[in-house]
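K.L.:
So that we are looking at the same thing, I have put the structure below in structure tokens.
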Amino acid sequence: MISDQTKINGFILSSISLGFNTFACLISCAVSLIILYHLYYNHVKREDKITVVLCSHIYLTLLINGIIFISMNIRSILGDLYNQSFDSSWCILSGYLSLVLVGMLSWNFLNQAFYRLIRIVYFQNRRFQSLKLYLVLPVIEIIITTSIFLCVLLPLNGVTYSPNDYFCCATFTNIPGMLSLSFVAYICPLCCILFIYMHITRFIHQQGNIPTLIIKQRQSRDLLIMRRILIIVSLLLLLGMPALILVTMFIITGEKNPLLIRISYFSASISQIGLSVALVFCIPQLKNIILNLQKTTTVTVINRAVRGTVQAKTIVGTQ
């Protein structure tokens, strides 16, 4: 039996998560539209297109996942207020879809890390610097990830309706399912990301003996970006760390925290909003196209104002 204080705490967590997810969705939607605008009108430099496309994959994943999180938050709040059940086939489907998107978020960051590895370390290999490759790669990954999740989680009944949280999600007490999910969606891509950036950092330091101004400038820029990316990786770690800690405590003690699911999704909401904001400031190509949009808007407004003033003077002169 859940105490009244626990229900209040759960309601507060869901309400705050709803605000975070809504804000993250607005940012992701705005940035996605800006990226599409620049790509459609070919305002992005040729050498920056792959980076911008990879960012668009991340923001699209954040947007769709944020919408699903919002629906979960709303169901939790309505369930807390009116004790309404939302158990349905759509609920189960949204639970699986959320897991796939969380996994794809990690794999999208791995794609970004892989491209940086090719661009910095193996820059002579042109086959892995094709825009078509990075357009097709997420599609292949989502097919593979979905197939693995369905093959592993369906027999284990990995996604079920939580009557205390009023939405469907991964069964945290299903240890085999959680271990499989954690490995595919979280541990494997994150370990690969950390390994890639360690390799890039080692390569940059080894190249430090070459006394070329252009190389040194490029190295300092790459190191600056690497430091910023560490912030993004930290936010990505936040996405699944609370759930892993709580599940580990459950394995050791055998006692399940009644707010385990809501705490896990609350940390995921913080990670969502953090990633949506941090990417804009940590990826120079993305930051530049947003600043260019602001400059273009300002110039357009000024030109319209000047044109209107000239027309007004012309009308007055003719009179």
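Keep in mind that glycine also has a Cβ here, set from the backbone N, Cα and C atoms.
Per TrEMBL, the feature transmembrane segment maps to 20-40, 52-72, 92-110, 131-155, 175-197, 229-253, 259-283.
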K.L.:
Residues of the same chain, at least six outside the transmembrane segment (229-253), with any C-beta under 8 angstroms of its C-beta?
P.N.:
102, 105-106, 109, 113, 172-173, 175, 178, 182, 185-186, 190, 193-194, 197, 260, 263-264, 266-268, 270-271, 274-275, 278-279, 282
K.L.:
Please figure out which one of 20-40, 52-72, 92-110, 131-155, 175-197 racks up the most CB pairs under 8 Å against the transmembrane segment (259-283).
P.N.:
20-40
K.L.:
Using Cβ distances below 8 Å and needing 3 or more such pairs, separated by at least 6 in sequence, tell me whether the transmembrane segment (52-72) contacts the transmembrane segment (175-197).
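P.N.:
As far as Cβ distances go (cut-off 8 Å, pairs 6 or more apart), the transmembrane segment (52-72) and the transmembrane segment (175-197) do not touch.
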K.L.:
Which sequence positions outside the transmembrane segment (92-110), separated from its termini by at least 6 residues, show Cβ-Cβ distances below 8 Å to it?
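P.N.:
Residues 54, 57-58, 61-62, 64-65, 68-69, 71-72, 138, 141-142, 145-146, 149-150, 153, 159-161, 167-170, 181, 184-186, 189-190, 192-193, 196, 232-233, 236, 239-240, 268, 275.
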K.L.:
Which sequence positions outside the transmembrane segment (20-40), separated from its termini by at least 6 residues, show Cβ-Cβ distances below 8 Å to it?
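P.N.:
Result: 49, 52-53, 55-56, 59-60, 62-63, 66-67, 69-70, 73, 269-270, 272-273, 275-277, 279-280, 286, 289-290, 292-293.
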